[in-house]
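Novice: Here it is, the structure in full.
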């Protein structure tokens, strides 16, 4: 029932009756349902009878439940049918079950009568009571006629008495209902009186009253009419406030309203616009509060709305007026200040700017009149500006003060004021007039007059003032008197013609004629004749002005006699200088001598006025020059700069520039003198000399490296020859071992022979003395022989070697078989040396005449043969390929260390192929192997050992039992060294490179048997002897682990490098057994043997 509440603006009686009626209908529904249940479950009798009666009560209950939810007039109208229906059902039940007047339900008659009186009216209550009386009479008649057995139950009570009792009960109900109706009418009348007073007050404060249900939809709306009465809008709109037709909320306002409604918070003065049919806009504000029942359950909102259209219009008009006032106040150029006792209330931007505040907000509230000081002759204090009189009363006349602004500046101001009202209290509106500029101008005029008098009196130039109508001197300065020799008395009042001042009177006439046309004469060169007859060179400027309606001519003349002489001398120097000289100011050429203009291709006198960038290739070059020399020039320093510069025709040349500010003490903003010299030819000669010097140094370095490599390469096989020969000379070795020694001697001799041959061949090529033979030979056989000779070393390295001869290649050809073998053999040797794994392929075929990609090859002939050696080695970088065929060079420095060689082989191959009319080359990519090739014109032919130097070995050597590590990458040298040491009883362990040497020393140290000495080769693969020695010296000193260099290198620099790496001694190959024995004994601390 919480949602059944009456509106404060509605008649309360219907609301109260509706509330009672709804309770009545609810009770009727509940009682009827209970009666139907009792009839079906707890009463005896025929089923059809009970079913009919239960159906009647159930129908009555349904009707009561339906009416319980209804509102409006139907509630009052349904009271009579429901009450009479209830009486009829009770009557039928009493008759059906033969209860008669003894039925307990008859007591409801009085309750029905009382309720009808309260809900409807006493009249309708009487009608209900009449219906009840008829029911009682009917029941009594039925008992009397013995139609029912009700009289037997209470036989001791007469029927008439029982009927009278029931009638009295019914009358009592009627009386109670009438009394209840009267009480309700009295209380409702009092409530109505209070609500009328409330409505009267509400009519004054509001224009509408509304109520929202729990869904925030309008369920009641009353609008005030013209007579201040509220008229209910029925039916209510049943929509949200913002859904009312024509109502418009701002988005922010609507969001806030919804938030308040959802949070069940009260809201006040929510603005809404209403577009009326006549096109006008109505403004209203809404206020509301949430409603809760006695249990605190939310049951909706109620509130009011107020029409504020007139207020809005008045506010808009006031705002417009205020805006106009503020706009005028802020736009006035005169500073205005509204203050009370000197404290700022408001000000316009002009006032803020005058006092030095950055904005108005920072000025409001400040005490600013303390910044005013009395001006000379003004009042001592601005007290008349701080006293408020009646509004509209002006203050004293404007007074002049000195204003000290907050930024420390000073302004001269005149201040006046008027009393106005602000916020209900008197205040002063002061106006300020800034007289600073006027006072400054007056002071400036006074200073200018004094300064002008001083300048005229002290100027080093001649200054004269002449009246143009009479041409007589009015004023001359002291300089005029000093230069001309005339006194002022002799000049004033006389003309220049009378004094004979102008050597050429025509110059003076030119000045006068020019000034008559309002022109100004500047820097006219002329001559004055002074009193003693001498002539002075003068530079004259003149102007005309009017004063007191008279025309005057002011003339300024400068004595340039000395300057003119100096100018002529400078011009002579510049004209005859052999270098370019130019003067620039503000990045523009002011003057340049003929040599400068000639150097840059400009006609004489044409470069003046051109920008500085005119002689530079582009803006970037000009900017680079400025960045390089600008700071030094700004410091007054002399600079030197060399760069390509541009002639007028666009050609470039190399120019050397010297520059310096004309006034080094004040370089910024002044002129700069430039001296230019064309150094193109000089630098070309210097570059050529430097290039030749670099080439000579490179050749010298290459030959030095060649000599070092050659020394090593010669000593390596030579050491093998001497050592093996000594070993083979021993009388007690078996024949097989001697044969092995001899074979290795032969191989070493061949290697030595090949190196010597390379050196001799290169010498012959450079001398032009190498002779080629032309013999018929078997080309297939030559290639097969090379294949067979290369097969064992290939197999030893684990490489696959293949021979591929094109069947179209002729077998017998004409040429030099020795040189062909030399070229191809060098290619094969290099391929086997540099290829770590994979294969090497020797391929021969006729050369293609179409060249590469189908283009004809002019160097190929029908008899040309192309021989290729293809490997799967590491490949060669393109940068290295370019120098492979140069003398004394290899791929890089590591190549010599890892693989040896003199660097002559490929260069000799190139020279030999060129002498034979062919060519060589290489095709390679890093990581993809290499292909070295030679193309030669080979036309088809139609024609079918010494005694041992070691001496007897001493088996009783003190070295016997010592452990020595021999580090050697050459197998022959390794065998010689091991055999020699073992003959002395030395226990030898072998290592092929520096890395293996480190591992062997580490293993020996772990086993507790460190080597007594290490014989270390220097140039080895993987790790050199120098590097290995440096690492060993990090762990062992020279006494703990002696290290002796044993190398084929014999240069002094190489000995120094070995000793600096930490080696104890330096021994060269071939091995000298006596020296080696002595060095080992001394290193092991056994003394010198």
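Yeah, the Cβs are placed from backbone N, Cα and C, and that goes for glycine too.
Here the structure is a predicted model, which means the values were calculated and not measured.
So TrEMBL has the following annotated:
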- 268-320: domain 'PAC' (DOMAIN)
- 448-516: domain 'PAS' (DOMAIN)
- 639-691: domain 'PAC' (DOMAIN)
- 709-940: domain 'Histidine kinase' (DOMAIN)
- 963-1084: domain 'Response regulatory' (DOMAIN)
- 1017: 4-aspartylphosphate (MOD_RES)
- 23-41: transmembrane segment (TRANSMEM)
- 47-67: transmembrane segment (TRANSMEM)
- 74-93: transmembrane segment (TRANSMEM)
- 99-119: transmembrane segment (TRANSMEM)
- 126-144: transmembrane segment (TRANSMEM)
- 164-184: transmembrane segment (TRANSMEM)
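For the listed features, I'd like the structural context: burial, neighbours, distances.
Specialist: Taking the domain 'PAC' (268-320) as a whole, pLDDT averages 83 in the prediction.
With DSSP states grouped into helix (H, G, I), strand (E, B) and coil, the domain 'Response regulatory' (963-1084) comes out at 56 helix, 23 strand, 43 coil.
Of all the Cβ atoms in the protein chains shown, 28 others lie within 10 Å of the Cβ of residue 1017 (4-aspartylphosphate).
Residues 1, 50-51, 53-55, 57-58, 60-65, 67-68, 75, 78-79, 82, 86, 89, 93, 105, 108, 115, 119 of the same chain, all 6+ positions outside the transmembrane segment (23-41), place their C-beta atoms under 8 angstroms from a C-beta of that stretch.
Within the chain carrying the transmembrane segment (47-67), a Cβ under 8 angstroms from the stretch's Cβ atoms is held by residues 21-22, 25-33, 35-37, 39-40, 74-75, 78, 82, 85-86, 89, 92-93, 96, all 6 or more beyond its ends.
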Novice: Counting each residue once, how many in the domain 'PAC' (639-691) are helix, strand and coil under DSSP?
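Specialist: DSSP classes over the domain 'PAC' (639-691) add up to 12 helix, 26 strand, 15 coil.
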Novice: Treating G and I as helix alongside H, and B as strand alongside E, what does DSSP give for the domain 'PAC' (268-320) in helix, strand and coil?
Specialist: 12 helix, 30 strand, 11 coil
